[in-house]
Structure formats: structure tokens, C-alpha cells
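According to Swiss-Prot, the protein has these features:
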SIGNAL    1-20  signal peptide
DOMAIN    29-230  domain 'GH16'
ACT_SITE  114  active site, nucleophile
SITE      116  site 'Important for catalytic activity'
BINDING   118, 131-133, 141-148, 209-210, 285  xyloglucan binding site
DISULFID  238-246  disulfide bond
DISULFID  280-293  disulfide bond
């Protein structure tokens, strides 16, 4: 009996890791500086309107065997803060890509720019992967150069909404999860940094060719529909036609000084504990094409 009580006490005092870790405070919360925008004021349905539903402040997208769905911002931006709170589907979601991203692929087919947050589906018992990516004048053809960094998360993204955001300014791109910076991509030269205006997109689609274990596990439509929910949209920055004096929101307390020491500590924590793939460390990649590494 005494041993049983000790064991139970340890379970209470030392909960298992995985989806229960608490992130360190970044000390600065960019999302709190940007007001929430109604979906209809900022976005339009791009495709799959029959697979999109709006209820109060929640936009639901779903994928089945017939199609997925996507939306696009009404205006292009040349810099800014772009975020949304997203809740993912539990269970078997292999092959499914749920995304929030910036792109100008419709305006520059064949050499577009793109900045991605993608949730790559999984199988029961395994965590989602959050993939961040940056394309510069890449088209999705054989010449495309991806800059992927993949993470697991310190919480279960299927249990509640969490806020994910991209902050893009003339000097750097910062990816945030609940205001914790998880990745920075700095402008070292114009050739490897997106500078042309981009639109904001969200979508759910079948990426079976590559999304889960490099395409080994495909989407299984016995588990359809695959559902993603979005709310708390936050868009603020400089549109393509803003004056040259426009300044986007700052990723840190001190504008133009980079992330604070506390934010860098939070970023280091996230990468040390949850980074599972870094293109710069992949020996199979041709790093002459990624000089930033």
C-alpha cells in the first residue's frame, strides 16, 4: 500500500512529458499588439466553398475525397504580422496538410515567394509535425529550394485552439507559436529573402505524396472528413500600396534590435526540445543553394 501511494504521488508531481510541457515566457507578446479582424473583412474563399463553414467567429474547413478548401486575403502585403488561432483534428490524419501561409504564386507563377506554417497529419499515437518553410522565387518545380524546419509541439494541438503567426519585415521573418518564437530567418541578401508583396492564405488539402513519413503513409478517406478550425485572425502591416513610411509591427520590445534576450531564450528552448528537422543540417541537401546555412 505504501509503495502504491508513493507511485501515485510521483505521477501527480511528475506528469509525463510530451503534450504537457509549459513553455518559458517570451516576455513580449506580439499577438496582443494586433487587433482581431473579422474573416469577411480580410478574406475571401479561394476554393472549396462547399467545404467551408462560418459560425460566429470560427471558420471551419474540411477535406474529403472530393476536395479540400482554402481562403485568401483580400489585400497583398509587403510586410506585417499574420496570425490565426487553429485547432486540428485528432486521430488518423496522415497525408493531410493544414496551413497558414504567405504567397504570391498566383501573381508570379513559376518563380513565386512563399512563407509557410504547415501542420502535417499523422497516425494515432504520434504527434503532428509543424513545418515552417521559406521559398524565394521558387515554383514547386524541380528548381524549387525549400528551407524546411520541422517541429513537434509542447502541447496537443487537437485539444484546443493555439495561436500561430508569421511576422515578416524587411530584415527578418519570425515564426511564433503562442507568441513563443520558434524560428527566425534573417535577410542576409536580397537573393535569398522574399521582398515582393504576398497574400495571406489558409487551406486544408491532400498532400499524401510527401506530408507523412515522406509520403509513405497516405490519406485514408475512411476517416473523412478531415477538419481544421480557424479563428482570431490577426493581420497588420504594410499593404502593397502603403506609403514608404509604413512600419510593420515589431517582433520584439525594441524595434530594429532583433529579438530580446528573453525571447531568444524561449526560441532556444523550443529548438532544443522540439526541432526535429533542419534543412541546414541535412547532409543530402546541396548547401551551395542555401548560403544562409
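Using N, Cα and C of the backbone, Cβ positions are placed for all residues, glycine too.
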Mapped DSSP class for residue 209 (xyloglucan binding site), helix or strand or coil: coil
Between residue 116 (site 'Important for catalytic activity') and residue 209 (xyloglucan binding site): CA-CA distance (Å): 18
Of the recorded positions listed as 114, 116, 238, 246, 280, the one whose CA lies nearest the CA of residue 147 (xyloglucan binding site): 280
Length of the line joining the Cα atoms of residue 293 (disulfide bond) and residue 285 (xyloglucan binding site), in Å: 11
Shortest C-alpha distance to residue 246 (disulfide bond) - which of the recorded positions 114, 116, 145: 114
The one of 116, 209 whose CB sees the fewest other CB atoms within 10 Å, among these recorded positions: 209
Three-state secondary structure, which DSSP defines for residue 145 (xyloglucan binding site): coil
Protein Cβ atoms within 10 Å of residue 145 (xyloglucan binding site), excluding its own: 15
